[in-house]
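Down below is the structure, laid out as structure tokens.
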Amino acid sequence: MAALRALCGFRGVAAQVLRPGAGVRLPIQPSRGVRQWQPDVEWAQQFGGAVMYPSKETAHWKPPPWNDVDPPKDTIVKNMTLNFGPQHPAAHGVLRLVMELSGEMVRKCDPHIGLLHRGTEKLIEYKTYLQALPYFDRLDYVSMMCNEQAYSLAVEKLLNIRPPPRAQWIRVLFGEITRLLNHIMAVTTHALDLGAMTPFFWLFEEREKMFEFYERVSGARMHAAYIRPGGVHQDLPLGLMDDIYQFSKNFSLRLDELEELLTNNRIWRNRTIDIGVVTAEEALNYGFSGVMLRGSGIQWDLRKTQPYDVYDQVEFDVPVGSRGDCYDRYLCRVEEMRQSLRIIAQCLNKMPPGEIKVDDAKVSPPKRAEMKTSMESLIHHFKLYTEGYQVPPGATYTAIEAPKGEFGVYLVSDGSSRPYRCKIKAPGFAHLAGLDKMSKGHMLADVVAIIGTQDIVFGEVDR
């Protein structure tokens, strides 16, 4: 205490100290020999002065509630972000969607691609023109021979050659079989995603029969590598055309059964009519092709407008939709399968005899029988399969009407035996870009129907 008095500068009885936290000087009073502070008159006078009254600004303030519970604040409601896929069974491969949902209503749909990217276009630059062919089987792995057909036509255009008539008819025949394969997969898996399981089992049995045709003609069920620059790999085996005829005759009955199940089904119509509507103008602006374009009412089919091989010698109709919704696209695919049966029947009736490869030893390999008797044939065979053939310098863009749309190949040659650049135009890439536009404003369950009607395969989208 003496130190405290010395600090304050007083030696009297009542030294003044500062009360902690008050900023007011307090007297120290002696009591029973112990010095402690007690309030006195002088200390109380320090608090005299004006009294603060509530101003007009604070007069409208409300007192706190009697139970000391704050009233609920206005909460900010945000849309839910949902990751759809890539392991979702309706994602048709490795599709990942980042969707913004308001309840069950889709406000935004952002596709994320690249999960199946394999660098196909770069790998092709390190292969000969023949070795690059199997890569195309693995792009759209549901319509294999159509991819081969586009690449073979591009190489033939650079080489300035034309395959024999029989080879062209075989190409058209298997191109339409491939279209049936693709549309069966598209329609039945679309129905399976929406809850209709029966068409999937019925039509996949027919699909197995067409895989047998693939196997009998090339040795492989899927990745055939059958259509090659200059023609096709080998001729049709005996009895195959008869079996294709029997199959096509029975397949129309399967299509009738499919339509009995789906076309007038109330649930199917409710899930597809006015879902994913695309107008003709929007379809053109997004770069749609194939069924996605024809379903919106635009009659555009490269087999009619820019015929290749012998499509100018066959008769068929191009079905178009009127509303541009999922139901119209379903009807277009079913009718395209019927038109493919018409084309298959014409191919079987008009199939000419003759060679199946171009008669140029520098491009197409010789027959096995000739290699046993001719040294030149053996040399040509060895050079073709080791070094490949040189393609004159140039560039070409060749497109065909694949089952999913316009499948294009932009091929650049520098005069060597390997492509300098091969750019692949996949139809599903543009269709996936329109998914946000098509699904906005629909329910979450309708996104599955829209993905199914787009018929997307990620081998060609990611490449």
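Positions of Cβ are set from backbone N, Cα and C atoms, glycine also.
These features come from Swiss-Prot:
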type    : residues               : note
BINDING : Cys326, Cys332, Cys347 : [4Fe-4S] cluster binding site
MOD_RES : Lys62                  : N6-acetyllysine
MOD_RES : Arg118                 : symmetric dimethylarginine
TRANSIT : 1-33                   : transit peptide
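Where Swiss-Prot records a feature, it is marked here on the structure.
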| residue | record | DSSP (3 states) |
| --- | --- | --- |
| Lys62 | N6-acetyllysine | coil |
| Arg118 | symmetric dimethylarginine | coil |
| Cys326 | [4Fe-4S] cluster binding site | helix |
| Cys332 | [4Fe-4S] cluster binding site | helix |
| Cys347 | [4Fe-4S] cluster binding site | helix |
Among the binding-site residues Cys326, Cys332, Cys347, whose Cβ has the fewest other Cβ atoms within 10 Å?
Cys332
Cα distance, Arg118 (symmetric dimethylarginine) to Cys326 ([4Fe-4S] cluster binding site), nearest Å?
31
Rounded to the nearest angstrom, how far is the Cα of Arg118 (symmetric dimethylarginine) from the Cα of Cys347 ([4Fe-4S] cluster binding site)?
36
Modified residues compared (Lys62, Arg118) - the one with the fewest other Cβ atoms within 10 Å:
Lys62
Tell me the Cα distance separating Cys332 ([4Fe-4S] cluster binding site) from Arg118 (symmetric dimethylarginine), rounded to the nearest angstrom.
32
At the Cα level, what's the spacing in Å between Lys62 (N6-acetyllysine) and Cys332 ([4Fe-4S] cluster binding site), rounded?
68
